[in-house]
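Okay, structure first, notes after.
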């Protein structure tokens, strides 16, 4: 404290920070990247463990043996679906009633903001079917959910057959203390969102749906099931939810425990667990798995129907049956036993899952990185901005109180700079961000009328046009106030831009570490070095390559490379355009926040640095 309170020592510290600013920034950035990569190695990873006492062991005996029944029900469901061309609602109602469930339906409809070309839909309407197994040993105060999403182009018949066979098996047991809801949704996530909004009596996305006629208790946990074959070689688990939310780690541990008990092969991000941690192969595979999780979580997309349950404080995950070329294969009985064991242990819960972690990263299914260990990686990157902010603010203070004779030409930059010189760049940059957020959807019909493009293409082209127009407009705005401020007032604008960027990245990192870290890793270097003097073409190229759009494009290439399915330039560009359309659509449909964060926050901030670069 004496160092900070003593004016002489404080001034000496400020001189030291200014003198070593560049080496400290480089060291801090390298330390942040190195810390992140080190998270995949055992010293920074911990073995997963069960924190909830009610689920601390697997001492339950699974009796499910309805594999033949599940396959028969799956074939009947697929036949009726092909015959009707839609979800066979009548057949589902009849089958659920035959196994002793209370059966209800819910109709819903949703007009999308623009046509979804990926799934070829615009005006969406469908019917959800769900059956409730009432708990014989308790009042209907708590419940569990087993859901199967059925899209127009998905082959999930085996999951429906297994769910119905499990419902028949569960109906014959007397130990249930929680209601169990068996839910079949139409149109994938749209049907799931419609049912969740009606169940919790809210409307956050503008969905039109009928009220639910039957309810169970408060939902404690949910499992979404996706199977594409009668046999599976592995079960892949998806944990990333809407806006980067994650389920309680105990739910994932429960899944892994019963997979190990039943001998099922389980994967994360499609990757097997590393077997040898003593060599470099295990940690390198963990780095790939970690990067895949970070990229998926940063996207903010719900990677399965479970992702929408997390919004309502319901712990959930999605299980996908994979049928690949691996030697070991498992039938529906093995998968059913794993689900039975999970639901029996969840049935023991006396309260919601809360004792384990909600913020974590997974380099492997059996290892995790807690929030206290991965946050320093982002902290080191944000420290670069802190050092640059302290340097610029120190210069301002010295100019106000009389700078010492250090011989630095930069100390005279801020002399006489008024706040009026910052108003025009700030307003124009924010106006461009607002236009980027509002105009593509509002002006899609106008663009489609004047150009030979569809509505979805019009939205994407308008996005790109506004984004490119921002490069030409803001860097000339300071001329409006050239009589009120000197031409070299760029330092004041950069100080504001650094503070703006640091605040945004800090807030994003606290809620979605993956997104905050990726944005900081790409944007911080260009933000730190940008200035109107020096090799301006090099700075301009660096700024463009680290812009939000370029970061998104690079993330897509990295994601496919990690999935061992590399893209060509043309394929990457097409995937980039599709990602832009899906990002806007998911924001308006489910409430995903990545698009507004980039359009209203980071893009205007990036334009401020572009303004600094071309300040004359």
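If you go along the chain as it appears here, the first residue is 1 and each next one adds 1.
Note that Cβ sites are derived from N, Cα and C of the backbone, with glycine treated the same way.
Among the features that TrEMBL reports, transmembrane segment is placed at 20-41 (among others).
Positions annotated as transmembrane segment by TrEMBL: 357-374 (among others).
Per TrEMBL, the feature transmembrane segment maps to 380-401 (among others).
TrEMBL lists 413-438 (among others) with the feature transmembrane segment.
Positions annotated as transmembrane segment by TrEMBL: 458-474 (among others).
Positions annotated as transmembrane segment by TrEMBL: 495-518 (among others). Within its own chain, the transmembrane segment (495-518) is flanked in space by residues 36, 243-244, 293-295, 297-298, 300, 359, 361, 371, 374-375, 377-378, 381-382, 385-386, 388-389, 392-393, 396, 422, 426, 524, 527, 551, 555, 594, 597, 601-602, 605, 608-609, 612, which lie at least six positions past its ends and keep a Cβ under 8 Å from the stretch.
Here TrEMBL flags 538-559 (among others) as transmembrane segment. Counting same-chain residues at least six beyond the ends of the transmembrane segment (538-559), those with a Cβ under 8 angstroms from any Cβ of the stretch are 291-292, 295-296, 298, 467, 518-519, 522-523, 525-526, 529-531, 566-567, 572-573, 575-576, 579-580, 598, 602-603, 606, 609-610, 613.
Per TrEMBL, the feature transmembrane segment maps to 591-614 (among others).
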Positions on the same chain near the transmembrane segment (458-474), where near means CB under 8 A and six or more residues out: 114, 425, 428-429, 432, 435-436, 439-441, 443-445, 447-448, 451, 549, 577, 580-581, 584, 603, 607-608, 610-611
